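Per TrEMBL, the features are as follows:
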- 104-186: domain 'Ig-like' (DOMAIN)
- 621-717: domain 'Fibronectin type-III' (DOMAIN)
- 722-818: domain 'Fibronectin type-III' (DOMAIN)
- 823-922: domain 'Fibronectin type-III' (DOMAIN)
- 926-1020: domain 'Fibronectin type-III' (DOMAIN)
- 1024-1123: domain 'Fibronectin type-III' (DOMAIN)
- 1128-1226: domain 'Fibronectin type-III' (DOMAIN)
- 1314-1408: domain 'Fibronectin type-III' (DOMAIN)
- 1413-1510: domain 'Fibronectin type-III' (DOMAIN)
- 1515-1613: domain 'Fibronectin type-III' (DOMAIN)
- 1718-1813: domain 'Fibronectin type-III' (DOMAIN)
- 1816-1914: domain 'Fibronectin type-III' (DOMAIN)
- 1922-1945: transmembrane segment (TRANSMEM)
Amino acid sequence: MLEDQKEGKSLILAMSLTPITSEEQSDAQDQQQPGLFFPGSVWPPSNMFPARRLGRRTGYSTVAPRTMVTARRTGQVGQVWVSCWILLSATCILSAQAQDDVPPYFKMEPPQTQVHLEGNRLVLTCMAEGSWPLEFKWIYNGSELTRFSLEYRYLIPSLDRAHAGHYRCIVRNRVGAIMQCSTEVQVAYMGGFVEGERSQTVSQGEGALIHAPRIHSFPKPQITWFRDGRKIPSSSRIAITLENTLVILSTVAPDAGRYYAQAVNDKNGENKTSQPIILTVENVGGPADPIAPSIIIPPKNTSVTMGRNEAIMECVANCEGFNKAALYLFFFETEYPLFVKEPPSHITAEMEKVVDIPCQAQGTPQPDIVWYKDAVPISPVKIPRYKVLVGGSLQINGLLPDDTGMFQCFARNLAGEIQTNTYLAVTSIAPNITAGPADSAVIDGMSVILHCETSGAPRPAITWQKGERVLASGSVQLPRFTLLESGSLLISPSHLSDAGTYTCMASNSRGIDEASADLVVWARTRITKPPQDQSVIKGTKAVMTCGVTHDPSVTIRYVWEKSGSVIDVNTSPRLRLDPDGTLHISQTWSGDIGTYTCRVTSVGGNDSRNAHLRVRQLPHAPENPIAVLSATEKRAINLTWAQAFDGNSPLIRYILEVSENNAPWTVLLANIEPESTGVTVGGLIPARSYQFRLCAVNDVGRGQFSKETDRLTLPEEPPSAPPQTVIASGRTNQSIMIQWQPPPESHQNGPLQGYIIRYCLSGLPVDCQMKNITNPDQTSLLLEDLIIWTNYEIEVAAYNGAGRGTYSHKVTEWTLQGVPTVPPGNVQGESVNSTTVRFTWSAPSPQFINGINQGYKLLAWEPNRANEVTIVTVRPNFQDSVHVGYITGLKKFTEYYSSVLCFTTPGDGPRSPPQRLRTHEDTPGAVGHLSFTDILDTSLKVSWKEPQEKNGVLTGYRISWEEFNRTNTRVTHYLPNLTQEYKVTGLTALTTYTIQVAAMTSKGQGQLSASTISSGVPPELPGPPTNLAISNIGPRSVTLQFKPGYDGKTSISRWKVEAQIGIIGENEEWLMVHQLSNEPDARSLEVLDLNPYTFYRFRMRQVNIVGTSPPSQPSRKIETLQAPPDISPANVTLRTASETSLWLRWVPLPEWEYNGNPDLVGYRVQYSKAGTKGGVLSHVIMDRLEREFTIEDLEEWTEYEVRVQAINVPSSGPTNVSAFATTSSSILVRWGEVLEADRNGLILGYKVVYKEKDSDTAPNFWAVEGNTSHSVQLSSLGKYVLYEIQVLAFTRIGDGRSSSPSILERTLDDVPGPPVGILFPEVRTTSVRLIWQPPAQPNGIILAYQITYRRNSSNSNAATVDVLSPSARQYTATGLKPELVYVFRLTAQTRKGWGEAAEALVVTTEKRARPQPTSRPVVPQEEVQARRVLLSWEPGSDGLSPVRYYTVQYRELPDSNWTVHSASVSHESHSYIVDRLKPFTSYQFRVKTTNDIGDSEYSQESEAITTLQDAPDKPPTILSVTPHTTTSVLVRWQPPAEDHINGVLLGFRVRYRELHYDRLRSFTVRTVNSPSANWAELADLSKHKRYEIRLSVYNAVGEGPSSPPQEVFVGEAVPTSPPQNVVVQSSTATQLDVMWDPPPLDAQNGDIQGYKIYFWEFQLQNETERLRTLFLPELGVKLKNLTGYTTYMISVAAFNAAGDGPRSLSTRGRTQQAAPSAPSFIHFSELTTTSVNVSWGEPKQANGIIEGYRLVYEPCTPVDGVSKIVTVDVKGSAPLWMKIKDLADGVTYNFRIRAKTLTYGPEVEANITTGPGEGAPGPPGEPFISRYGTALTLHWTSGDQGRAPITRYVIEARPSDEGLWDILIKDIPKEVTSYTLNLDMLREGVTYDFRVIAVNDYGYGSPSVPSPSISAQKVSPFYEEWWFLVVIALVGLIFILLLVFILIIRGQSKKYTKKADSGNHSNCTALPLTHGEMVHLDEGRFPALELNNRRLSVKNSFCRKNGIYTRSVTNTANVPLVIQ
């Protein structure tokens, strides 16, 4: 706009002031912007406002103004402009001084003005600090906006232009209060133009002033002028003034026109266009007289502020013909105030003294000085002690304590205001509590103030304590405890734990004073169970609860109000108030309707809750129903009525009933809209009378019927439908029977009088003949005298009194045809090849065919086999005279008789005369039974048999042999046809040969039979194949891969595959399922002809010329895939159930024919009218055991064709599924129809199944109801996510198969979400490092990250921006300033652009700490729902590190495990919705805070809350639906799990309805009000009908989902008695025969259709019970594949069409004994070079009483040329081990053992090689023996320990003459290298050798070298010598004599004699055997076995007694020994 002005003819004066420098301006801007404020923090004095003494508002320059005036001439004198720009700057700063209680001070003053857009959110921040508590108050235009509070911000959510004005804040604490400089808030807005003058007239030559229309706008908009739609450019005559006035000087005629002003607000961008202003120029064309100059825009006096404002002054003059003009300017300059003298920040003075507080400022004009004390203006008039001196200083005389406080000096002039402050402290008075706290009581959750008013100088500091805990002071601030400015303590909110004694302590430098009081906290009285809105039925009872929780010490009172009036329950017996506050209202009526309020009053608080009561009743009957014939619609009646009273419940519908021809009333329309007052009833039948009545229905029920309308009769009409079911059938070759049924009664339109039959020749232009039947009851007619084998068209029509009706559709029928009477002619037959015969013939004459030639049959049969005819049908060829046909697949070189015949539909004509022919000769098949005998080194004999398929005359045989894989060595001989053996000579010894034999005919050589054999090596049985693997599993085939076993030194001629089918187990039978011949190199084969959906386990055998190998190890168990059933249901019978229904029965599919999952097996019933094409109807029954079905709604007297087909899968999903992404969060899915053959029922809708690809989450379902929509838009999807999508259809039964394969589609990309997890792990005073994680919703491929950071007090222009790579996860920002707040913004970029930014604040300080925990989280009761609650909390201190996020945990009570619900709750949130909770469950919650330093402690646990009840989410399980009687069924069920009931279970609802397959009726509901019920009987059902039954549960909230439907046929009851006289007989070891008698006849309740036999192993019913079902009423069954010698329990139940009857009592039976299974294991221990200990396990299946075991062992290779087999029979079932000796060293032995019952079972075998194993110890050093008396000591040295340390030693011994080593001592400690043994362990006189064996973890090592032989002869000890005995005898005799002598001397009077016997016994007792000393050689149980040519040694001890060798006591009586 200014540029346009400069182009005019004007004089411009410009004045400017020197601008401030860019550096100064940047600093000023940095300090001017608002910053982050932390209430309560105390900043050090050194950091406080270093520029405070500058006396200026920070951010503006103070450069002295310099004025420069310039003038320039720009053109002719016609217009004068004056412009002036004036810029001034000033600053205003506050300060504070630190002390114990820091006075409040401002960190930053607000800008003088600020502009914001209307509608935006405005937050004004009071940037102040000081000692706690700080309180803030906001002032607007001198008026209070708020009271003092802790909120330092003032929020205007949406700015309005009325909010513009001056704002300032006041901050205070206990020290004092100060007031902030004001900031002017300007609101940018723009309104519309104000209508003004619409036209203007000016004379030519004069100046035209077109004023812009007034418009409400701030700031003043920029105006652009347009004329006639074009912008007006500036020129020498045209300009726009500062007031947006369009000035046109010296107007001329072209200036006339329509002018528009367009206004643009440069702040909010809005623009408006005014209405047009029409300018008219008068006096056009006159002489141009000079015009005297006139000032049309005079200048205005202007005031500007130096350095701040800019002024443009203008003056416009209009003149013509003059060249002089005068201009006068008046300019007034102002200067921003500036302090030249300020007070110190802190002043201390004593009482009664005088103090001067300096304050002086300068500016233009001179500023006014205004003083404030604690933000209140000082009035010297009111307080004479205060005096403002000249210059502005404040003098206070006679100081008092109340003078202590904050003093502020404001300097104000027109340019603005500044302020400075000081704190005055008056000293010398000790603290005194003038008003201390008083004992108080408060309600929990309410606020309470404990007062503490003090006096003293300086002002005392206040500290509040509870016990020893400081709650609040100038430096301490705990949550909920606030120190008020007065010194009082605010507790908000109070908690029960706050009860106690509180102490207020006042202190200053003069002393301390304190006072205490007690606080009592009452638990709040709350209504926790409020009354609920209720709707009750009239006359019932209404119960309104009012549950309350309250403090036990508080008395509560209940008051109920209705619509504001108190209810007195004593005034009516219908009202009752329980002590718990529950209000009972009985016999409710309309007067009880209203709003009820429960009020609870107590000293612990009051509470009230409302609920509305609505009383419903039945609606009244509709009034004045009128019925009249419709004038516009045929066969219709118009019915009208008046609305009825709705019974205080909205009407749901009207029900219209009709009485037709005085018949009973029936429902005609059941769902008439409740708003209707009329309806047209159409589709009525002529000639019938009708009467109507209505009733209204609301949720209470059905009201009374209205009165009946007058009866109306419709006029008669001709029949509107033809006769039905017109059937024509040829009876003879000259007659046709025509049958029909009358038209439907509803279409007869009056009494029928007869029928018209019209018939004529089909396709010929001849007249039709008529037959008139005047008897309306006749429905058939025989048309006679017709033409033979001719086609007729026949029609039938009915007629009544109004005329003839329509003819039926034409029925065409032929008179009957016959069979041909002559055979085809010229029949010739010849052989084409060895399997095909060619026929030629000519057709018989058409006159002898007697019908339609259906074709020819070619016949061939072998002589003497006339019944086995090969027939080939050939379609007739009407073009050629000679017909040709072939019979293929005949036997080769075989004689046949052949013939040809012609046939029609009735049958075959005569055969042509038979001709004899023979098929051609061919090459023969393979020879039979190729074998080898007399195998020597250079020759062998080859034998074979004739081929089974000779295919001609054998001319001889070809035999050839060659070395294996060396064809150049082949020798071939041709032999005569009678030779079947040949001796092959000239072979090379020990060479493998391939021998081939083939038969020959004249056609050549036949199929080769080949085998390999080694000369000189007889072939052996092959070994089993190994490594069986299974692949390519299909419904009827699998592929086996295998590794061939040992070939038996010849080639494999055949592979055999055996399988266990169905039941897999060790004892189950193996069956041959496949063979493959003449493929010796096969490594895989395909097994065909398997059963679908059947378990298999395979094994293989291989066959060579010797025989068949043992079986391989079984394969893994597999299951073949499903396939459609192979057979249809059997015994299908059909009978008439009624005039319109058929009753169909069949025998269900046997279980082995399911070919699929039994749960998916069902039946498809298809039916159609006989003889018609198309129109096939079907119904699917998804019950594999169903036996019958009723086909309903058929036409009367009509023949139907019915088929029953078995199905086993819900077939397939929809076809042609496609998907493509439409947006970043939606995908359009389309699909086609399900193939009709696969629908299996009426499709009710589709489900789209989708999930993220490779996700483990459950798939989502999107349901599409109905079968009409085949597309759906999936919305709310993840952005740029790949989805797997399938579609399935569902029927009433359930979901079908999903479409396959899955469709993959990815949603489109979008801008990404914000990066997550922003943390600052390293923060320094000048740098920070932040880390982050990629966005949780990348929504595409991340291409880059952008990080922006700036000081929180700077604008966006000063921000630093950096773009990082997509792999970046951290960033370090440097060059920051200390102790400042920075804001970081991080955003990611995809192809679509930059996404949402994540923002985080950080303080550049190293004084960071972990955050404090939040307050105890609370859950308001009104925010508690069934599955979610709203959790709220108050944050704690953030530790000078901003909070990043919160973590919310919950736990389910009484479980004590905490679970994280969310670890990413926004730091800006103080509440959070916790969802995914369980209904009716108790929970506790807690919250944790996280900042960059770490986590806080968890908050206190919330109070326990219980979620509300919700409707159940799972249905019950229907266990059975059984017909009980012919009109009732029993339903049994199992309720859902308790955690799915979601509340208190109240009962069950049974829904049932009769099934009509063309439509669905509504359900009848039966409610079972007992939560413990598990059955219900549904009675009064219709016979011979099918019913559908569903079940659901309900609780107080509502009803859960319904169970899947169960169908039942009502009409027959289940048998009520079990089968009688059940007998079980044992047949074999695996079979029991069960027989029974049927239930009594009176208990069968219908035809018995079969029996179910339940059988299980005794006492193992739950684990082993099986079921066998007989679908025929047989009275016996053979239970096969049982376990041998096992007791079984058998129970039998009968079933009929209704279901299963009761079971019979269990009958016991046991299978016979059978061969046992193989022993469970074979184990070897104590293996040495010559012996081993063999043990085995019992068979897993004994199958009888174990009588013993047979052990067989032999060397795998001959030993010294000899191979002997040893067989040992062990009697009894124990012991299960044996010691085997005399084995050869280093030889591998094969051990086989099997158990015996009645016979021997299979073997278990294993091989063992004698001698030390790898890693076993080496031999110890050669032992030597020292002898001492009767003991021998054996010494040895240690040898090589092997791969593991030696654990023990073993000593073996052997008699030198026998040579059998046996263990003598074992378990000798490893540290010992010698051992002493007693000779008593050995046989005396026998010489022994000893050797030592070391043992480690790898086994027994090599034995040492035998010791020198040593004899076991004892050396007699000295006490056995004769001389020693003589000496002892003499000594004894002397002693006796001496004793006798003494006795004689001492007792002469007595005789004393004594006979002394003395004996010396010597015996040899075998030493007991102890562990670690000696083990008998036979291990104490079994004799040792020798495998050599010596005699069998059974000596097992070396103990001698009295010189006779005896055996030690062993228990061998039950261990007979047999050697074979």
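Placed from the backbone N, Cα and C atoms, the Cβ positions cover glycine too.
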Going by DSSP, how much of the domain 'Ig-like' (104-186) is helix, how much is strand and how much is coil, in residues?
3 helix, 41 strand, 39 coil
Average the per-residue pLDDT over the domain 'Fibronectin type-III' (823-922) and send me the rounded value.
89
For the domain 'Fibronectin type-III' (1718-1813), how many residues does DSSP put in helix, in strand and in coil?
0 helix, 47 strand, 49 coil
For the domain 'Fibronectin type-III' (926-1020), DSSP counts of helix, strand and coil?
3 helix, 47 strand, 45 coil
Cβ pairs under 8 Å with the domain 'Fibronectin type-III' (1024-1123): which stretch of 823-922, 1314-1408, 1515-1613, 1718-1813, 1816-1914 has the most?
1718-1813
Need a quick answer: max count of Cβ pairs under 8 Å to the domain 'Fibronectin type-III' (1515-1613), which of 926-1020, 1128-1226, 1314-1408, 1718-1813, 1816-1914 is it?
1128-1226
I'm a bit unsure how to read this: which one of 722-818, 823-922, 926-1020 has the highest number of Cβ pairs shorter than 8 Å with the domain 'Fibronectin type-III' (1128-1226)?
722-818
Could you give me the DSSP helix, strand and coil counts for the domain 'Fibronectin type-III' (823-922)?
3 helix, 45 strand, 52 coil
Per DSSP, the domain 'Fibronectin type-III' (1314-1408) contains 3 helix, 49 strand, 43 coil
Reduced to three DSSP states, the domain 'Fibronectin type-III' (621-717) has 0 helix, 44 strand, 53 coil
How do the residues of the domain 'Fibronectin type-III' (722-818) split into helix, strand and coil according to DSSP?
4 helix, 51 strand, 42 coil
